[in-house]
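Here's the structure, in structure tokens; my notes come after.
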Amino acid sequence: MSASQNSAGARFRQALVEESPLQVMGTINAYTAMMAERTGYKALYLAGAGVANASYGLPDLGITNLTDVLTDLRRVTDATDLPVLVDVDTGFGGAFTIARLVRGLIKDGAGAMHMEDQVQLKRCGHRPGKEIVSKAEMVDRIKAAADAKTDPNFFIVARTDALAIEGLDGAIDRACAYVEAGADMIFAEACTELSQYKAFVDAIDTPHPVLANITEFSKTPNFTLDELRGVGVSAALYPLSAARAMNAAALKVFRHIRKEGSAKGILEIMQDREELYDFLNYHEYERKIDELFRSQK
Ligand SMILES: C[C@](O)(C(=O)O)[C@H](CC(=O)O)C(=O)O
Ligand SMILES: [Mg+2]
């Protein structure tokens, strides 16, 4: 098997074949990535909003950069074998920056990326007031990315935020142009109805045409996997589900211990030491230390 057949990009493509729709699970750090892997997911997601919110305490408004994303990516790819889809926002700059980004992602173990057609001062895809670049400019972004691939299997997802601005026909017209330019899949952002996904799927001519972003508290309802399968969606993204739950749990714990002066009464929502150690393979590390240094005792 050649190196590129076994690359993260190849593994991402394989996951799309094995599972349809492929559930792509957002994990904001190495440890949650390990838990998701053990739970049975076949692909992970590094959310731009996750990098911004969780790692830097910033809103998802295009403030974090290429280096911030690669730093978080390396933590995840060092800890798991699963292929990771990485949110690279607008690509962080012009053609040369995008090329550097693609090379960096592949080097740091990403299997796929998604880049969007918003202006540099981007917003969350589910917020009002989004602005997008021209179709031609986004086509250039995709071409720059496709041209920079050092692994032919690296998977490029083009995200279009055009539905909210140009309507379904405009968004589909862009989607087709993005695929023509080298995108492997379309991230149809902020769809409100299943029929919209179907329209994208019918228009796009690739083996795995459409990704649905099932982010909570958004413009997109929490469509089930069966519903998405029914309209031909190839990948279902859960960018921040665990992060939202982790935030809510942390806040509960902070409030409880502050108020009660003790963790008594809130312990049941915590992961206990045994489970933590199980996911970390902690005992294996201890065994190794004992084995290595036994003679010194
Ligand atoms: C997918 C997304 O790009 C992300 O960064 O996770 C966000 C998710 C969200 O804000 O809920 C987006 O849809 O813009
Ligand atoms: Mg994002």
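Just so you know, glycine gets a Cβ as well, placed from its N, Cα and C.
Features reported for this protein in TrEMBL:
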| type | residues | note |
| --- | --- | --- |
| BINDING | Asp87, Asp89 | Mg(2+) binding site |
| BINDING | Cys124, Gly125, Arg159, Glu189, Asn213, Ile214, Thr215, Arg244, Arg273 | substrate binding site |
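Here Asp89 (Mg(2+) binding site) is positioned 10 angstrom away from Cys124 (substrate binding site), judged by their C-alpha atoms. Among the binding-site residues listed (Asp87, Cys124, Arg159), Asp87, Cys124 have a CB atom closer than 6 Å to some atom of ligand 1, in sequence order. Only Asp87, of the binding-site residues Asp87, Cys124, Asn213, Thr215, Arg273, place a Cβ under 6 Å from an atom of ligand 2. Relative to Asp89 (Mg(2+) binding site), the binding-site residues with Cα atoms inside 10 Å are Arg159, the candidates having been Arg159, Asn213, Thr215, Arg273. Taken residue by residue with DSSP, Cys124 (substrate binding site) is part of neither helix nor strand, so it is coil. Geometry remark: Asn213 (substrate binding site) versus Asp87 (Mg(2+) binding site), CA distance 12 Å. With respect to their backbone Cα atoms, Arg159 (substrate binding site) and Asp87 (Mg(2+) binding site) stand 10 Å from each other.
In this structure, Asp87 (Mg(2+) binding site) is part of a beta strand by DSSP.
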